[in-house]
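Below: one structure, written as structure tokens.
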Amino acid sequence: MLRNVAKRSFGKLPIRGYSTASQDLKKTALYDFHLSQGAQMVPYAGWSMPVKYASLGVLQSHLHTRENASIFDVSHMLQTRLTGKDRVQFIENLVVGDIQSLPLGHSTLSVFTNERGGIIDDTIICQQDDSLYIVSNAGCADKDLKHIRQHLEAFQNQGGEAELKIIDDHSLLAIQGPKAAAALQELVDADLSKMNFMTGKMISIKGIDCHVARSGYTGEDGFEISIPTPEVTRIAELLLSNPNVEMAGLGARDSLRLEAGLCLYGNDLNEDITPIEAGLTWTIGKRRRAEGGFLGAEYILPQIKNGVEKRRVGLIVEGAPARENCEVYNADGEKIGTTTSGVPSPSLKKNVAMAYVKSGFHKSNTELLVKVRNRMQKALVTKMPFVPSNYYKV
Ligand SMILES: *[C@@H]1O[C@H](CO)[C@@H](O)[C@H](O)[C@H]1NC(C)=O
């Protein structure tokens, strides 16, 4: 199955049969570099992105990341900067996180919500001394910008001081895996051993000023590096010259993040799912729970107290792997949910999936059934992450 990964959809975007004319696809600054590395390119969120490289199959690339380190081009993601003295007050209208209490140099996962409490996008927000640095999903870039700008205009009209800037002159590379830190350390003077997970700072990489954040989407230790675009190929080459480092594409990224229990927007999160249903209650700061003041708070906050009708769960599925949109049944044959993502887990050699199921059937070790190609297969509700995370702690 893994060999057919290129035919699968990523975030509901059809990969089979290039539905978007390839000349319409955007290219990252590393496009030619990807081709030189034997990348197989696929359309993804309006971009032409590598799904895998000639050196390793998707399965091997996944295992390589868990044991060594891999570089992912994530330049398609939207990088923005919010400045102005009221920037924190402004962003807290749109996200559920306690951004005010986020220490300097720290980042957090948060979500943009709509008026109904649904998730517009998930995002990483980093507290910098003069601004908030915000990274969000490529597939949501247009609607995120429209949403932020619309609310920003109203905020400014009421005298609020905040400005949004798209960071379009920087590319974004992720290096992920237990050997990522050693590989990056060879290129910098800063002592990376003093840098905790979810912190970031400006670091010179061989003389190039980059924003280095200790974060990622694989469950491993690693970094996301915002690099002036003219230098991104050089830095990718420098990192790749380490014998423990390989390039990796969307194929491995999807199985890695799923094993790590991390959501993919468009599959596991959408505008009809609240952060409580998604199991992201932890992203709502204590002060925000007390005060509200973000879009949809009147729907979201009562759900913390009163519970929800559906919940995101992890499943280990017997038999053929369940992908997204498979029906989930309880032992009595009642349909109680739907899968939103699924892969054969390369690390566990079992099929893992995420699903939304009716509350009551969400507890670990609940035995359910998943319909895969018209066959009912046993599935066990399993705590996520499926594979233990290895985030770095000083
Ligand atoms: C990790 O890297 C080493 C050295 O390059 C290599 O021999 C090994 O096969 C890699 N492990 C995996 C799982 O790819």
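Backbone N, Cα and C define each Cβ position, glycine as well.
Feature list (source: TrEMBL):
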BINDING   Glu224  substrate binding site
DOMAIN    30-286  domain 'GCVT N-terminal'
DOMAIN    310-387  domain 'Aminomethyltransferase C-terminal'
How many helix, strand and coil residues does the domain 'Aminomethyltransferase C-terminal' (310-387) contain under DSSP?
0 helix, 45 strand, 33 coil
Grab the pLDDT values for the domain 'Aminomethyltransferase C-terminal' (310-387) and give me their mean, rounded.
98
Kindly assign Glu224 (substrate binding site) to one of the three DSSP-derived states: helix, strand or coil.
strand
